[in-house]
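Listed features, source Swiss-Prot:
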- 213-223: compositional bias 'Basic and acidic residues' (COMPBIAS)
- 546-576: compositional bias 'Polar residues' (COMPBIAS)
- 632-646: compositional bias 'Polar residues' (COMPBIAS)
- Thr102: phosphothreonine (MOD_RES)
- Ser194: phosphoserine (MOD_RES)
- Thr243: phosphothreonine (MOD_RES)
- Ser244: phosphoserine (MOD_RES)
- Ser276: phosphoserine (MOD_RES)
- Ser295: phosphoserine (MOD_RES)
- Ser427: phosphoserine (MOD_RES)
- Thr438: phosphothreonine (MOD_RES)
- Ser440: phosphoserine (MOD_RES)
- Ser636: phosphoserine (MOD_RES)
- 213-260: region 'Disordered' (REGION)
- 542-590: region 'Disordered' (REGION)
- 625-653: region 'Disordered' (REGION)
Amino acid sequence: MNKLRQSFRRKKDVYVPEASRPHQWQTDEEGVRTGKCSFPVKYLGHVEVDESRGMHICEDAVKRLKAERKFFKGFFGKTGKKAVKAVLWVSADGLRVVDEKTKDLIVDQTIEKVSFCAPDRNFDRAFSYICRDGTTRRWICHCFMAVKDTGERLSHAVGCAFAACLERKQKREKECGVTATFDASRTTFTREGSFRVTTATEQAEREEIMKQLQDAKKAETDKTVVGPSVAPGNTAPSPSSPTSPTPDGTASSEMNNPHAIPRRHAPIEQLARQGSFRGFPALSQKMSPFKRQLSLRINELPSTMQRKTDFPIKNTVPEVEGEAESISSLCSQITSAFSTPSEDPFSSAPMTKPVTLVAPQSPVLQANGTDSASHVLTAKPANTALAHVAMPVRETNPWAHVPDAANKEIAAIHPGTEWGQSSGAASPGLFQAGHRRTPSEADRWLEEVSKSVRAQQPQVSAAPLQPVLQPPPPAAIAPPAPPFQGHAFLTSQPVPVGVVPPLQPAFVPTQSYPVANGMPYPASNVPVVGITPSQMVANVFGTAGHPQTTHPHQSPSLAKQQTFPQYETSSATTSPFFKPPAQHLNGSAAFNGVDNGGLASGNRHAEVPPGTCPVDPFEAQWAALESKSKQRTNPSPTNPFSSDLQKTFEIEL
């Protein structure tokens, strides 16, 4: 009966251990590499575990999951928790569990996150693995029950997936040439190489370089054995590809680590820094708009500056470039700019300024035997200290050496001395202190007139005196003095000698001097005071034997109140708040301190040198007023409104 009973029972398969079935394992390994290895399983579930590895951890997890399934089955009957029938796919990328009925993806696990896998020793078909959960960072154990196969086969398939993943990773590292050196003491690492995937051509070049390095290393070892050791960089130069130069440092590093893969270096031409746009070289200089902290003006743009430098504007008027100005010349320009001339009617009350004994820019000329106004009005014997005329300081260097103490005073100047000559000689240097300028039309016309005069008149020359450029003693310092005090031809009280400046000599034949354009201007006897250029031409080409009397226009300020600021106690009409009138800096005549007090207290008539006829004082006064009016009508360099003055006549009987 037992035999009959056993004949109806299902016979069990003969158990064959997994070790005796290598042919199945080989098929599993190929299936894992191709991604076609799958096993029908029952997914028991997953539980959290305390450790990342260990067979006993996996066995405990299987027991817990089977116990929970039995508890739910016994409590709820047939509605208990059942194992899910699924298919386990094993590949080198990861483990995937797909529901057999719904084809839903239950588990998707990467191989890199799996830390341990093992079969169960209590259940032959049981299999489990431990992985790291990516979200919660906890250790999770997933358990399966194989339907047809044993747990050992599933575990072997997962092991093959581990091996395939490791081989793939090593192949990537070998291709990209990345090596990492870890420093345990400093918790740092050094990475060498690049993760960029190389092409077949680059791989061939790399193999060629490795072969050359090995040959160089072999030659180096041979030299070391035969003779004294030499530096690794001094070995025979090995040919390398143009895109992959091999420096000596790489060769020396290969000596230490033969398994290291050399890095590919770019050629020197590609390593040179290049700008984005090189149309404007000024962008790379200091004027770059990206290096500024302030707002950029349109004229300061690099592009504008580049256009200006590339296409300079041609100047139609040729100008002679002067020599580079020194610091002293700049200081003198600043001093002359801030020192207000005494002839400016818009300046404030007169005040003591640094003065210099200068003469008018144009020489005093003789008008056909008649002296000009500034010489006719000489009435005082010139035995007192000469007062300095207040004019802007025009020396090139204000700190230059001054004449010695012997020139502090000029005493006993006789009427025949040529004081105007010395001043005329000193004036061109002062005029040319700044720079040379382009000759204007007036200069060219004056040059033509001078040529004609030179052809007709003999040139009178005299030895110039040393000009006085040093201020006088404090007792003789006087403020800017006007030509006349009070009304014309009215006697006034005598003035102290230290206050009233001396007068000029009666007649001074002037010498030739250079004009601003460098042409010499000879002295002539043609009157240039208060006449128009047409009158001067008429005088030049007319008869020279007749004395001419000009009819000047008198300024209202001269006619009505010829009072100018001067600090003296004898003049009742002096007002320190009266603004001084304009005086033409480049005028033909200056009075240099001649006042009416000199006319009253001194000689009424001018001292006339021999050879000249006496001049009527009225004509002299008229010429003086004319010259002063001529000076005032010309525009002042510091006052743009000085040419708006009116001219009137006034005749006193």
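Here the Cβ of each residue, glycine as well, is placed from N, Cα and C on the backbone.
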Query raised in the report: Under DSSP, is Ser440 (phosphoserine) helix, strand or coil?
Result: coil
**Report entry** Pairwise CA distance, Ser440 (phosphoserine) versus Thr102 (phosphothreonine), rounded so that it is a whole Å
**Finding:** 108
Requested in this report: Can you grab the distance from Thr102 (phosphothreonine) over to Thr438 (phosphothreonine)? Cα atoms, rounded to a whole Å.
Outcome: 105
Query raised in the report: Can you check what DSSP calls Thr102 (phosphothreonine), collapsed to helix, strand or coil?
Result: coil
